[in-house]
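Enquirer: For reference, the structure I am asking about is given below.
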Amino acid sequence: MVLISVLASLLVLQLSYAQKSSELVIGGAECNINEHRSLVLLYNSSRLFGGGTLINKEWVLSAAHCDGENMKIYLGLHHFRLPNKDRQIRVAKEKYFCRDRKSIVDKDIMLIKLNKPVNNSTHIAPLSLPSSPPSVGSDCRIMGWGTITSPNDTYPKVPHCANINILEHSLCERAYNDLSASSRTLCAGIEKGGIDTCKGDSGGPLICNGQIQGIVSWGDEVCGKPNKPGVYTKVFDYTDWIRNIIAGNTAATCPQ
């Protein structure tokens, strides 16, 4: 495993208000080693692409803008310097998208088929797809290896977790001019600020009621600002597409 000091020195950060492709949890704390069994890390020797979520033994869900060349997929990872015996590494066999990967305002989703199945273990297990969409006010969990400070970056050696809520979508519409009411996204965070996903967390999960309800997508350039919640891909709207792709119907149509 590459040492965190080396990894941090090689990160290529692409900062814009509409991208969290290298972001971490602001206002959180170290995740319990047993609570992020589905969390994966996407990176190569020179760049942190973001996170993702294992949804079955062969498939990972992430954000489209986290895609990159020579990307490796790490599972069962907690401490960069102390990889545990359960750690497994995979690469993408196939990738599926719902839109032009250059834009992340909407349809920011990537479905990855692994080159070989993973083995479930103490620190590796899939997360369920949503059976229904989350309601406003729902308590949710965010997690990732992104920066824990903003605007200056501080990358941790372990993933951080925090609790946030599903907010009215109109709050994000007011905060971001590019976001439309019809976008297939969720608005989530803490209205007063202080807790947020940030650079390095993109592609990671928004977990509500034990299911992956959102994918970390984008937000303000400075993470954790009041009235500037995060925007998350709404996974429920893509469940039919995801299941069709997994079943072998690779021509499945994305929701419009």
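Yeah, the Cβs are placed from backbone N, Cα and C, and that goes for glycine too.
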Enquirer: Return the single candidate from C140, C161, C172, C254 listed in Swiss-Prot as disulfide-linked to C208.
Expert: C140
Enquirer: So, in Swiss-Prot, which cysteine from C223, C254 is disulfide-paired with C98?
Expert: C254
Enquirer: According to Swiss-Prot, C187 takes part in a disulfide bond; indicate which of C161, C172 is its partner.
Expert: C172
Enquirer: Using the alpha carbons only, what distance in Å do you get between C254 (disulfide bond) and D108 (active site, charge relay system) once rounded?
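Expert: D108 (active site, charge relay system) has its Cα 12 Å from the Cα of C254 (disulfide bond).
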Enquirer: Rounded to an integer, what is the Cα-Cα distance in Å between C172 (disulfide bond) and S202 (active site, charge relay system)?
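Expert: Cα-Cα, rounded: 17 Å.
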Enquirer: May I ask for the distance between N152 (N-linked glycosylation site) and D108 (active site, charge relay system), taken between their Cα atoms and rounded to an integer number of Å?
Expert: 26
Enquirer: For the disulfide-bonded residues C161, C208, C223, C254, which one has its C-beta crowded by the most other C-beta atoms within 10 angstroms?
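Expert: Neighbour-count leader: C223.
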